Amino acid sequence: MEQVVIVDAIRTPMGRSKGGAFRNVRAEDLSAHLMRSLLARNPALEAAALDDIYWGCVQQTLEQGFNIARNAALLAEVPHSVPAVTVNRLCGSSMQALHDAARMIMTGDAQACLVGGVEHMGHVPMSHGVDFHPGLSRNVAKAAGMMGLTAEMLARMHGISREMQDAFAARSHARAWAATQSAAFKNEIIPTGGHDADGVLKQFNYDEVIRPETTVEALATLRPAFDPVNGTVTAGTSSALSDGAAAMLVMSESRAHELGLKPRARVRSMAVVGCDPSIMGYGPVPASKLALKKAGLSVSDIGVFEMNEAFAAQILPCIKDLGLIEQIDEKINLNGGAIALGHPLGCSGARISTTLLNLMEHKDVQFGLATMCIGLGQGIATVFERV
């Protein structure tokens, strides 16, 4: 079976969804920009040699509809002979895109794929056009479709206090801002055109979603966002609304060597699981355990983790039950996470994987694990190994 390697991984800056940098930039343009940039950074691979493009996106309507993967590829002037497909596993969409491409390469059906994802939550809101089947209420609580309430449930079940959530959220912003100041994101962020507050066109090379002034004291003043009476989850301890895209060049190890391209990491194992929709945020725990089992590894073998921060109330139970609560500052989301950077749904799987690869190189560790919860009760995880 072919070994699957990541040759390169990039992303756009994360733009604020409400009146942010990309308010006049479409999702297809963010995607096409990364497709062009990834190919330009790796000229040894001709675009025509791509076997397929897998692109994650959740809200596949309006500008994100009608197979945005193909639309973006056409905008990027990728040769018409290269196919493209849009993948949807909600929050895990672009990580699923990576898994789909990896399996194609493992079986010999492909040698080189471009994968990634996008979500413009400012142009296509998360709830746009959603119409749940009324029959779901027979066996799934209505609140299971409300992500904030599932986070509240996890907080109650695992004893996650408001103070713990506020502290974790403040940490996310502090670490993301420190990473920005130290240029830790420089190798992954591709400068992307947008508009500043005055409407002037400029190139953005930083995440505008981060709030460096965030403190525990300021977060403590916010009201609960989802359960006004008994809740602890606030807007400040939830992932920010943002617009962005991320992309990865995935190849067979043999093809990468043929072309003289240096792989950055191997895909060691992959896993997807289901869980109760009412505690959808717990999905990373069984997904990570299954991915580690497939890789023949244990939690202690992993040098760094990227765990998507849907909510502080959601990620803290996962960290606790993976036995990592005492190692947060050594291993978990060292450059901040979605609370500070935002969670553009279809983008986030590729985004956290991209950040993870850079952290693995910076920390000089052999193994890294990226994992996410998924709305309606799923979890997804990928173990990467440095080459």
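From the backbone N, Cα and C atoms, a Cβ is placed for every residue, glycine too.
According to Swiss-Prot, the active site, acyl-thioester intermediate annotation covers C91. When Cβ atoms from all protein chains are considered, those within 10 Å of C91 (active site, acyl-thioester intermediate) total 31, not counting its own.
In the three-state DSSP scheme, H343 (active site, proton acceptor) is classed as coil. According to Swiss-Prot, the feature active site, proton acceptor maps to H343 (among others).
Annotation comment: Swiss-Prot describes C373 (among others) as active site, proton acceptor, evidence class sequence analysis. The Cβ of C373 (active site, proton acceptor) has 32 neighbouring Cβ atoms from other residues within 10 Å, across all protein chains displayed. Under DSSP, C373 (active site, proton acceptor) is assigned to a strand (E or B) in the three-state scheme.
Listed in sequence order, C91, S239, A240, L241, S242, N308, E309, A310 are the same-chain residues six or more apart from H343 (active site, proton acceptor) with CB atoms under 8 A from its CB. C91 (active site, acyl-thioester intermediate) falls within a strand segment according to DSSP.
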